[in-house]
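According to Swiss-Prot:
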BINDING   Arg13, Arg14, Glu15, Tyr16, Lys71, Tyr128, Arg132, Ser136, Arg196, Leu197, His198  substrate binding site
BINDING   66-71, 81-82, 87-88, Gln110, 145-146, Trp190, Arg200  FMN binding site
Amino acid sequence: MTDNNEFDVADLRREYIRGGLRRSDLTENPLELFERWLKQACDARLPDPTAMCVATVDANGQPYQRIVLLKHYDDQGLVFYTNLGSRKAQQLAQNPHISLLFPWHMLDRQVIFLGTTERLSTLEVLKYFSSRPKDSQIGAWVSQQSSRISARGVLESKFLELKQKFQQGEVPLPSFWGGFRVKFDSVEFWQGGEHRLHDRFIYQRNADTWKIDRLAP
């Protein structure tokens, strides 16, 4: 470990000066504000603006997190894809509750979605899978996600084997690969503010409308 006299994480701090978030800035529907912020993150050329931290819980109440890419969103929910044998997919099969966090650090912003998941239909999954680059399709066949392997070479050898196998024609959709739709009922927007007086607003679904409240930082 580094000597604390040389490096102390408590000394790492900065002021948040990119502006605030006011009630007048909000939209009636949280997805409209999310889309605005996402487009601004893309315009600012943030790396991986669609990257989100996906949190799930196992049967013992132990939370797990990982970064996953958002692939679609609309009023029905937010969509991502994964190996159905993965840890997150197995946990969601037991407990569909989920949290998504978009960490747009360079804009001093974050957005948190809370909700439950539902599996996508085979037709929806096939439509997206068919749009992926061929090497990515083959990669989906290679990895038994979250399983233990002896070395990276195991994956690379399997990839080359399958690349040869699928050299001609289309790569079929693996039966163990699918997607989830997050049906959200709570969305929180956070904007960094001066003197640690950050702006937070939470949307909570109320039948066909959204209740909006400001939260203390």
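Note: Cβ is positioned from N, Cα and C throughout, glycine not excepted.
Everything Swiss-Prot records as a feature, shown here on the structure.
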residue	record	DSSP (3 states)
Arg13	substrate binding site	coil
Arg66	FMN binding site	strand
Lys71	substrate binding site	coil
Tyr81	FMN binding site	strand
Arg87	FMN binding site	helix
Gln110	FMN binding site	strand
Arg132	substrate binding site	coil
Arg196	substrate binding site	helix
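Across the residues the record lists as binding substrate (Arg13, Arg14, Glu15, Tyr16, Lys71, Tyr128, Arg132, Ser136, Arg196, Leu197, His198), the two Cα atoms farthest apart are 43 Å from each other. For Arg13 (substrate binding site), the nearest of the binding-site residues by C-alpha distance turns out to be Gln110; the candidates were Arg66, Val68, Tyr81, Gln110. With respect to Arg132 (substrate binding site), the closest of these binding-site residues in Cα terms is Tyr81, chosen from Leu70, Tyr81, Gln110, Arg200. Nearest by CA distance to Gln110 (FMN binding site), out of the binding-site residues Glu15, Lys71, Arg196, His198, is His198. The two recorded residues, Arg66 (FMN binding site) and His198 (substrate binding site), have Cα atoms 26 Å apart. Taking Lys71 (substrate binding site) as the reference point, the binding-site residues whose C-alpha atoms are within 10 Å of its C-alpha, out of Tyr81, Arg87, Arg200, are Tyr81.
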